[in-house]
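Engineer: First, the structure itself, so that you have it in front of you.
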């Protein structure tokens, strides 16, 4: 079998693990050949490729980024795009192409499947927002990078009695923010799932400072938004592919906090450092498992399927279903986040589930009745 492979969209740690896993499985186990296309679908359409073998992939497991390069270009952006993709299949005698990418890239792979092309999808995003898979590689590395940064920022916040706002990635969801905020001991974590009230944020910070806790870390996902009617943020610009160019909420938030509380506030945007560097062990292993599973899916002719992590096992799911919705932060993690934010005097049992709240209310009533 001859299998093409490409990496699309933004880079992230673990991409090379997928490539290496695919090549190892194809060559050593299934006597197949892997053709790597450079710069994603650009390489397919422009015939920019290399034959990948075990020797070529030696030593790439700990490397960040992707040895194939990446881009956001795709065949549906060109009038003759599908024709050029078909030509690539014919020229190289391809039996399949494995497309590795995020939500947008999976959308392209699914559209090609609908056009009759034999394709397999591998989910990739540090945001961890692709549905039907419990985890995507790169996410755990990004969380570790953010947690390390928060750990370092605690001491400078303490030294200067400042509020430090840490902006992390998370366009539509707050997985990175929640995980790194909890792991790094942030006082407040803001996510796209729950629009925030700037007045409440400031009130919690002021109350914390009155208690002598002068160092406050606020983690905010780049896609977090204020509650409607509280304050307005500028509409982000749009890139050539129609994606909003996010980033900037951290600066706006720090400015608002300082202006409303009088407490010196600074912002640190971690930006693309979250994408770079060597992947942690979990992402190396998950990427390897995804790569092997993608080759086996191709050998089985499971076209239009995406490999996914479910209950610790690698499964296959329809790409069309995976891109139908985003995987939001688990409500239980949002509840946990509420438990650890600075308390206000009128906060009652923050983060307590409704069932527990009802039982507590009944118990309090029983105590009052007994005292009476």
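A Cβ is built for glycine as well, from the same backbone N, Cα and C atoms used for every other residue.
Remember, predicted model here, so these are calculated numbers, not experimental data.
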Engineer: Say TrEMBL lists 125, 126, 127, 169, 170, 171, 222, 266, 272, 273, 274, 275 as binding substrate: which of 162, 260 is in the same site, per that record?
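Structural biologist: Matched candidate out of 162, 260, per TrEMBL for substrate with 125, 126, 127, 169, 170, 171, 222, 266, 272, 273, 274, 275: 162.
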Engineer: Of the residue ranges 311-341, 342-372, which one carries the region 'Disordered' annotation in TrEMBL?
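Structural biologist: Feature region 'Disordered' in TrEMBL: residues 342-372.
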Engineer: Figure out which of 4, 10, 14 sits with 72, 73, 102, 103, 104, 105 in the ATP site per TrEMBL.
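Structural biologist: So, going by the record in TrEMBL, that would be 10.
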Engineer: State the count of C-beta atoms found within 10 angstroms of the C-beta of residue 127 (active site, proton acceptor), not counting that atom itself.
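Structural biologist: For residue 127 (active site, proton acceptor), the 10 Å Cβ neighbour count is 28.
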Engineer: Considering the binding-site residues 72, 266, 275, which residue's Cβ sits among the greatest number of other Cβ atoms within 10 Å?
Structural biologist: 72
Engineer: Please average pLDDT over the domain 'Phosphofructokinase' (2-297) for the predicted structure.
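Structural biologist: Value for the domain 'Phosphofructokinase' (2-297), mean pLDDT as a whole number: 95.
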Engineer: Spatial neighbours of residue 171 (substrate binding site) among the recorded positions 10, 72, 104, 127, defined as Cα within 10 A: which are they?
Structural biologist: 127
Engineer: When DSSP is mapped onto helix/strand/coil, what comes out for residue 273 (substrate binding site)?
Structural biologist: helix
